[in-house]
Amino acid sequence: MGKPRPHKKKASKTREKSVLSAGGSISKRKMNEDPRKLLEQATILLQTGQADAALSIAQQALEIATSNSPAQLSSLNTIAEIYVELGEIDLARKHFLQAVELDPTGSIPESEGGGAEKFLWLAQLSELGGKDSVQWFEKGVGALRGIFRRSPLFFIAFSRASYQADIFRWEEDAESRCENLITEALLVQPSSPEVLQTLASIRISQLREDDARAALSRSLELWKDLPPEDPHVPDFPTRISLSRLLMEVSMLLEALEVLERLILEDDQSVEAWYLGGWCLQLLAEIGEAPRDPEAESNETPESKRHASLVASREWLKQSLMLYDLVQYEDERLKEHALELVEAMNKELGEEMEDDSNVEDGEGEGEEEWEGIESDSDHEMADS
């Protein structure tokens, strides 16, 4: 499952203001800032759900970046992606188009802010759709081919390409074009987790779930036993997407293991806690519980269901607590989490205040965590 097309919101005048319009001038301190460091800060904020704060810092980077420099190009792309996260599609498109003006063919290296990703985003965000989307997509693919055999970063960007598969559905050769792209990628890098996830996403869209499961299993085997700092471990967003794909093909235990590992790496991720809670709720529906070597072998489906529901509620409550704490901005996620918790409260009863402490992870909640420990497109929240 790929990243869902974001909903369009009315552009916020406040968000559109630049640093100059807000203050009239840029302070000497800001002039001395390194745009690259500011963009690193903005990226971290975006990944932790603080899109508005990320936008402010990325705009600072753009204002102090030298004209026609890699920093300016990187700033435009980062700001555009933040606007996508905020649902400000017109502003996102505007900044991606400005980035295209600086790198019209995608020949500038990704390390300098160039590459194909802006074309792939514009394909997804096209107002006209149809042929306009296809033209942007194929421009992106052309840029990707230019770096195909030179850079492993291709595979990160290629994963984005799969998200555009839907725009080809109106064409007769849609499936063959997607197949050609994924085959090309697999020939060059058959052991890339990102490419295997892309293959799984395409197989899911083709209703070939067994093939999707096989691709996801291969992707997991490549890195699941590696330490977190190993460079072969996919980045955090890629593994979030992986967990969604695993859930979509009912590989729930595998999805939960991925999410548990993500929480160990970043326990402030609203989306990881939410997906883990949802995954546990799905396990409860089929009378299953997380793997636990110490669990009694004669556990009944009812006891497994109860254990999964209790754990699910804890994960979801932690997600909701962090949602408010970091001012996360995905209303659909919050609504779905609240809906799930409400349903669990009806079955389990309202939780006592001192039963667990989700804020500091102590007490009964921590014991439940130890029992399940093994080491965001919001598309699924609509299902």
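Just so it is clear, glycine is given a Cβ too, placed from its N, Cα and C backbone atoms.
Keep in mind that this is a model prediction, so the values were computed, not measured.
What Swiss-Prot says about this protein:
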type: COMPBIAS; residues: 1-12; note: compositional bias 'Basic residues'
type: REGION; residues: 1-33; note: region 'Disordered'
type: REPEAT; residues: 35-68; note: repeat 'TPR 1'
type: REPEAT; residues: 73-106; note: repeat 'TPR 2'
type: REPEAT; residues: 116-147; note: repeat 'TPR 3'
type: REPEAT; residues: 193-226; note: repeat 'TPR 4'
type: REGION; residues: 345-383; note: region 'Disordered'
type: COMPBIAS; residues: 350-374; note: compositional bias 'Acidic residues'
How does the repeat 'TPR 1' (35-68) divide up by DSSP, counting helix, then strand, then coil residues?
27 helix, 0 strand, 7 coil
Take the repeat 'TPR 1' (35-68) and find every residue of the same chain, 6 or more past its ends, with a Cβ under 8 Å from one of its Cβ atoms.
15, 18-20, 26, 74-76, 78-79, 81-83, 85-86, 102, 236-237, 266, 268-271, 323, 326-330, 376
So how many of the residues in the repeat 'TPR 2' (73-106) end up helix, strand or coil by DSSP?
28 helix, 0 strand, 6 coil
What are the helix, strand and coil residue counts for the repeat 'TPR 4' (193-226) according to DSSP?
26 helix, 0 strand, 8 coil
